[in-house]
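Report on one structure; see the data block that follows.
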Amino acid sequence: LQGIFVLGLPYALLHSGYSGLLLIVLSAALCCYTGKILITCLYEENEDGQLVRVRDTYEDIANACCKKLSPKLGGIVVNVTQVVELIMTCILYLVVSGNLLSHSFPYVPLTEKTWSVIAFVTLLPCVFIRTLKIVSKLSQICSLLHFVIILLVITYCLTQIHQWSWAKFRLSIEFEDFLVSVGVIIFSYTSQIFLPTLEGNMKNPGEFRCMLNWTHFFACVLKTTFALTAFLTWGEETKEVITDNLPSFLEMLVNLCLLTKALLSYPLPFFAATEIVYSCISKGNHSNCRWPLLSLSVRGSFLLLTLLMAMFTPHFALLMGLSGSVTGAAMTFLLPSLFHLKLKWKKLSFLEKCADISVFILGFLCSLAGIICSIKGLLEVFG
């Protein structure tokens, strides 16, 4: 729930005003709700009326919903969406790494794209990662760095409390900028693709709902505090990546921490994406001698793809807004509510049906509008 993409939240507030604060809270509530109904879809009642886990993954849920049309159609849609979201996350890590290096060493005559290539070179060993054991250790370091970074930024902002002014918040906002902010905020909460695996590996799965409530609550508090204090400190001068606003003596320290976090965070979405693709390609392939080469080829291709995309789309907030609007909205709002309605329709109360339908419509409208505005913004930048 907490990633490097919270750095874009103050910038989102710049373009969404007071409504941005409401969006951060509302997104947390909706994401928590859709996470719960997604896990509900993993279970069915047996003859004794007891809930039994009959599905294991997001893909299994999708296949169960689409089995009348095609046994594998739902799984294909979910896998494609998951891979796109994970790869977009990897691309964002490269984009932000280039940005951080560029601002950490402003006297070195290199562009952000060149810095992104340098960051990419350090990630080449990811091609040889075959298990989650290494990735999990890197993720532990990332979590520690994340809280250090957030603490440093908030502490500095609190030292500037004498210049805070609520007048910096705008009541009137540009509709298109607001929609891009929606995508940024949604993307900062996306975690649904990991929830089925997480719930399945809990010692006490019955505590999942409680865990989800508390994690989303604390995530909401932390995101709101961070975004609000940063925006009140810099107001209209808030940058796409908030660390660009920090004074030079603190900027380099925080940027280097962020750079380390970004590079260490890259392997998790990269590994997850390549494993999905590899498992899909290798199904039905009985030539075991070709599998190591196939796995290496998939990882190498995806690694190169993330670099090329980072070179052509070096705009952190717009790219994050587009990702949130497309894959984030689909995996977080659209598909969970749709699957829940499909699998549990007969057992849902009228209010539960209304809630699912409302979430689906809201997610669809936000996704459609966010896609249009994010693409328009990217085209204007390139133009």
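Note that Cβ sites are derived from N, Cα and C of the backbone, with glycine treated the same way.
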### Task
Have a look at 33-52, 293-312 and point to the one annotated transmembrane segment in TrEMBL.
293-312
### Task
Could you tell me what the rest of the chain brings near the transmembrane segment (144-166), counting residues at least six beyond its ends with Cβ under 8 Å?
2-4, 6, 222, 225-226, 229-230, 232-233, 235, 242-243, 246-247, 250, 253-254, 257-258, 260-261, 264
### Query
Sequence-remote contacts (6 or more beyond its ends) of the transmembrane segment (252-281), Cβ cut-off under 8 Å?
3-4, 7, 79, 82-83, 86-87, 89-90, 93-94, 96-97, 100-101, 103-104, 119, 122-123, 126, 129, 132, 134-135, 138-139, 141-142, 145-146, 148-149, 152-153, 193, 243, 246, 294-295, 298-299, 302-303, 306
